Each structure stands twice: as C-alpha cells, then as structure tokens.
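S.K.: Just lifted these from TrEMBL, have a look:
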- His68, His69, Asp107, His331, Glu335: divalent metal cation binding site (BINDING)
Amino acid sequence: MKEKTTVGDIIKVLEQYAPIPYQESYDNSGLQTGQASDEVKGVLLTLDCTEDVIEEAITKGCNLVVAHHPVIFKGLKSLTGRSYVERTIIKAIQNNIAIYACHTNLDSVHNGVNAKIAEKLKLQKTKLLTSKPHTLMQLAFFVPVENTDKVLGAIHKAGAGQIGEYSDCSFQVQGTGRFLPSENADPTIGEKGKPEQVQENRVEVIFPAFKQPRIMAALLESHPYEEVAHYMTLLENGNQEVGIGMIGELETPLTEQEFLTYLKQHMQLSVVRYTPVGDKKIKRVAVCGGSGSFLIKDALRQGADAYVTADVKYHEFFDAEGKLLIADIGHYESEVFTKEIFYDTISKNFANFAVYLSEVNTNPIRYT
C-alpha cells in the first residue's frame, strides 16, 4: 500500500531546509490555508499564489500550493472577494487546497534564493554577503567525566555542535566540581548534608538559537544530576549559514557591457536597469533576490564589481558612486527560479505524488 504523505510532512522537510525562525519579523511564512493533516495528492510550486495559480492547481489535481511570497501578508479583516488576495483564499478554501509560503526564511539561508541566483550566474567561491547576528547561542554546562559522552551524544542529536560542514563540535576542560546536597536533595553522587567533590568536565557547544528548547530538553533528560549547572549566551557572532545576499566570482572577468549581456542570457531577461557602464572589468559579483537596495553599501564594502538585485529606487542608483555596476533585473525575475529549490527539496524526499512547476506568469509588471 502506498504510504500516505501529509501537508505536514511536506512542511517539515521545507522547514528543515529553511527554518521559520529565520524569517524577518514583518513576514508571514508558513501554512496559510488548509490543514497539516490533509493527505497530499499533488503539489504546485509558484513564486506568487494568485487566482490563476489556484485554478492551475485544480486543473492539475494538486491540493497543495507552495509559494515563495505569502498571499496573506498583512492582516485580513474580511473574506468578501473584494481583492485578489481575498478571492485567492476563498477559491483555495472552496477547493480544499492548502497554501504554504516560504519567504524571507528562504532568503536568509545560505542555500536559498541567493544561492540559486549565484548558481545561474555560475559564480565561484560564494559566501553570504551579510550574516545575521543573534541567531547563534552558546551553551556551557558541567557534567561528571564519565557521563560526558552520553550527554554530548544527546545534545548533538538535538542539533548542538553543528558549525558549517562540521558536526559534533564541542570544547571541554576538566576540573573539580564542589557541592553540598541539602536534606531535601536527591543526589546522584554523594550524600545529603555532606560536602562532595567530583571530577567534572565543563563543556561548551554552539547551536542555532531556535533549537534552544529541544537542546535544553536533551541536556536535562541525559544529565545524571537533578540540578544541572549550565548557562546560555546569545552570541553577537554572525552566522555564516544565515544571512542576506551572496557574493562570488566569475570564472573569467568580463567588461561591464559583456557582463550585462551575460546576465540577461543566464537569468533569461528581456530588460535590465543599470548604472552607466565604462571600461571596468567585472570579476566579483554580489546578488540579492527581491528588494535588495539596502545591501548596496555592503556590496561595496565586500569589494563587489557588480551588484545584481531588484526594486532599486532612482536616488539609490547614485549610491554606486561609479565604483559599482548596479543591475536591477526585476523582483519577479530575480526570484522566479526559487521554484526549482522547492522542486528539488520535495522531489528528493517524496516520490508518491506529482510535483509541478507552475506555468502561470504571476509577474504583475509588463515591459515594452
């Protein structure tokens, strides 16, 4: 019998790839309509969820639409069909179609939206353009020497100690722990009312801040003491796995005009808005899908020769100051390939239903 896959199963895989806590505070990623317990019959992948996309899902027999942009972005106060958002939601609910959005959390992970642009441009030696602070925590705790491996194994399994491509990372140093159990205590080592000394390890690990509850649960469950001495610190360190934008290098330097032609070919563009070109060579390229003008100065600081993004305002083009080629390729155009990330992630994990890339052009902007 074919194993049942639920909407919740799909969500779990997507959120392992792009955790919800990495979304911006203003965002509304997550399940927008439908129930996590619904069985998946087919999945349609899109940049935007519109009425036409829901109609396409109905035609293709899909009861889950995965979109990059949330259709419910600001609070809805009614569902009367007065706007495209309300009509889209009504049609989805009437046809039992779940809508899930994976937005700025996918923008923020190192293998997300900006990595896809870098892939299309064949950039090498890529790294995040900016990293997010306050997304990492450090845990320090004290444990008897003989119990160290058991406790470490438990918290590593819960997600502690992953640093880039290295797992099970920790630091420990041995010392003497001293304590005096009260008459109401139930000591694992020692006796009530008698001072005790134990050879202990002080252990330190780093982990993503959103994993704190499960790591604390693993620590308390695996530790032999009834009172576990520990402390946690929210780190200022930038997380090299979480941030906005990406920067890398072209294999072969191009003139600015050659780069614009290269950009149009590889991103399948009909038009590009850009700053005046000269004789400068383009080697180091920064990218940011969607509205990315706020990263122009970061691109300059990182030594970028060109910056590819969208939604740049008139006066913001002046910020290049002749040192940076700014190429505004359009919001839709910069993120349309995000569907491929969804496709690869879902198809790799599930094979018992159809997954489609939407054929609807949801770009609200036309060019002549």
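Cβ from N, Cα, C; glycine included.
Note: TrEMBL annotation is automatic and uncurated.
The structure displayed is predicted, hence computed values, not measured ones.
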S.K.: Taking the centroid of the Cβ atoms of His68, His69, Asp107, His331, Glu335 as the divalent metal cation site, which other residues of that chain lie with their Cβ within 8 Å of it, listed in sequence order?
M.R.: Leu47, His103, Val113, Gly289, Gly290, Ser334, Thr338
S.K.: Taking the Cβ of each of the binding-site residues and counting other Cβ atoms inside 10 Å, which one has the highest number: His68, His69, His331?
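M.R.: That would be His68, with the most Cβ atoms nearby.
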S.K.: For the binding-site residues Asp107, Glu335, which one has its C-beta crowded by the most other C-beta atoms within 10 angstroms?
M.R.: Asp107
